[in-house]
């Protein structure tokens, strides 16, 4: 491992951190250390990292802004690549937007709304990165990434880089082909937006933000929605009908504001959260015969 670290540093791939606590990089403020954390400063840094990872036969994982993650208390084995400031370029040409995967989604939707471009209003309260949003087809307010994405540039596991169209990404509810058949890293995204009235777009975004503030617990560290909605039900409604609102294990608590959120009230461990997730699954199955599936990604040792 030490030799790999030295080669990564010599290759100037970006910041290279050893045994770095991942709680610093997730919105839940939970997570053990990464053996090696890379914050690449350019695409070439990612390519070189993957070359070395293959050479050393080391496991690797990619994270974005950590908004939809629950990282194990034992951390993540191997190399963790965090997409961020090195991949945050932005080009706007009329209605076409080309943006790096590390660009914050809220910042992007806010900026474009002020330019009178419509289509990303739903993302005004999603605290993730563009890359993560494409990877999981993030959405809210009856819309999602698939409704506005034209194509995405992907770095595949074998080192190949290619564009995948909206159709090729095979989007579905909170899912894409990148999670299953064609694993890879989102490097860039191209969105096709529409011209709109600036005042109306900004008002719509503000309404979305206000709704989220009133109904969701953003005053505590959390990872967003824990479960996918088991259509035709809403996950939060089922949790609340089961009488689990406010239930606590250790430092983790099912939010008093919204049943589909688990918050870190202070000092919560990943195991606390996992115990709550299992409690919810079993309770909902027993009471309503509904299977619950997590939307939050659970990773680590």
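Backbone N, Cα and C define each Cβ position, glycine as well.
Note that the structure is a prediction, hence the values are computed from the model and not measured.
Feature annotations, reproduced from Swiss-Prot:
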type	residues	note
ACT_SITE	174	active site
ACT_SITE	225	active site, proton donor
ACT_SITE	295	active site
DOMAIN	29-196	domain 'FAD-binding PCMH-type'
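Features per Swiss-Prot, on structure.
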{"residue": "174", "record": "active site", "Cβ neighbours (10 Å)": "18"}
{"residue": "225", "record": "active site, proton donor", "Cβ neighbours (10 Å)": "20"}
{"residue": "295", "record": "active site", "Cβ neighbours (10 Å)": "20"}
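Counting in whole angstrom, the residue listed as 'active site, proton donor' lies 7 from residue 295 (active site) by their C-alpha atoms. According to its DSSP assignment, residue 174 (active site) is coil. Cα to Cα, residue 174 (active site) and residue 295 (active site) are separated by 7 Å.
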